[in-house]
Amino acid sequence: LFFPHVTAELQVAEAVALVNTLHNWTVLDKIILPTKNLDQKLIFGKGNFQILTEKIKRLPQATAVFLNLERISTLTKKELEDAWGVKVFDRYTVVLHIFRCNARTKEAKLQIALAEIPLLRSNLKTEVSHLDQQRGGSRYIMGSGETFLETQTRLLRERELKIRNALENLRRKRSILRTQRQKREFPVISVMGYTNCGKTTLIKALTGDAGLQPQDQLFATLDITAHAGYLPSHLAVIYVDTIGFLSDLPHDLIGSFSATLEEVAHSDLIVHVRDVSHPETVQQKASVLSVLKNLNLPSHLLDSIVEVHNKVDLVERYEPIEPNAVAISALHGYGLEDLKEEIERTVLKATGKKILTIKVNLTGPQLSWLYKEATVQEVDVMPDDGTASVKVIISESVLGKFRKTFPQ
């Protein structure tokens with residue numbers, strides 16, 4: 001593993017974690033070295049390049065080199081592979097490979113295929129340039145009037161269009177499901193955070209969903225999954241588990257997953273989970289907020305984020321510095337009731353739902369209607385006159401429907 005910054009020990013740790021996420025991949029050695037201009041063919045100075053070359057030669061069992069840089073050009077990649085005799089990966093290709101290994105649904109696989117297109121396009125140009133040098137110029141294919149490069153570029157363009165159309169069809173289906181969910185008026189809470197911060201563990205703790213199996217690895221969650229839960233007032237909500245973030249996550253990858261992240265824009269609340277035991281927790285927070293701002297989310301969503309400080313059990317006598325942050329341990333259940341109350345307070349404000357007491361006649365269908373359309377908290381029966389005072393959480397639209405259905 002080779003790194004671009006002299007003071008990059010924490011980047012080393014994250015890069016090692018990325019490699020360890022992949023099955024049968026092992027880090028044999030690591031070194032921190034400065035790089036030159038990334039646009040140049042060789043990104044290391046002569047002396048550093050010599051150090052690296054000698055180090056690699058002393059590791060005959062090494063099969064690849066991981067440069068912890070967002071992207072290296074295909075020309076640089078080829079030069080280094082020729083010099084070292086092993087495969088060379090950058091951050092983009094390693095993260096993409098992790099995504100490929102973790103993809104489960106059709107949508108995730110399509111989004112990864114879309115993210116691969118820029119890589120294939122870049123590799124194609126280098127390959128054709130190399131062939132042309134060998135053959136002394138471009139050749140047309142069987143009198144088609146197209147060069148090899150033009151044919152392959154067209155096929156890639158057609159493949160990209162096909163993938164985008166398939167993703168658009170899935171997006172439309174999800175939009176229909178979202179509309180049905182909005183009709184039922186379930187508040188939607190998107191749980192977001194840096195990769196491996198404990199989002200899935202938290203959702204499992206909040207919902208009791210036994211089907212969720214949190215994993216201690218980067219990018220274990222690639223697909224958006226929805227899980228039903230209840231707040232202290234018995235209000236039913238949907239928690240949405242999202243893909244984790246990473247510092248310097250390649251922009252092409254973020255763009256490819258925009259269909260997944262689009263779901264966040266339609267939520268009522270964002271819960272930002274932070275691993276406060278991580279030495280770079282402040283920088284991780286900045287990375288997540290930076291991506292969220294670039295998603296063009298509604299301002300009310302960004303202004304009402306509930307910040308959760310997770311894994312406080314790993315920090316001695318932890319006290320949050322940020323105002324309104326909720327300290328928890330999702331794994332051990334500490335602080336979950338405080339978090340549920342904070343989520344409830346913010347959700348009621350965001351959705352415009354109110355807590356009201358409505359008097360109903362027990363001989364009619366009003367009470368069963370309220371149970372079906374709103375969240376009933378308490379029923380205080382008055383047997384003398386056959387009525388009941390019902391404490392409910394209800395939205396303006398449902399309240400209007402109630403008054404129209406049962407005029408006083």
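Note that Cβ sites are derived from N, Cα and C of the backbone, with glycine treated the same way.
The domain 'Hflx-type G' annotation in TrEMBL covers 187-351.
If you look up TrEMBL, you'll see 193-200, 219-223, 241-244, 310-313, 329-331 marked as GTP binding site.
Taken from TrEMBL, the feature Mg(2+) binding site applies to THR200, THR221. Every protein chain shown contributes to the tally, and the Cβ of THR200 (Mg(2+) binding site) ends up with 23 other Cβ atoms within 10 Å.
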Check: Here are some binding-site residues: LYS199, LYS311. Which one has the most Cβ atoms within 10 Å of its Cβ?
Finding: LYS199
Note to self: Taking only same-chain residues 6+ apart in sequence, whose CB is under 8 Å from that of SER329 (GTP binding site), what do you get?
What the structure shows: ASN310, LYS311, VAL312, ASP313, GLY335
Next item on the list: Fill in the CA-CA distance, GLY193 (GTP binding site) to THR200 (Mg(2+) binding site), as an integer in Å.
Entry: 10
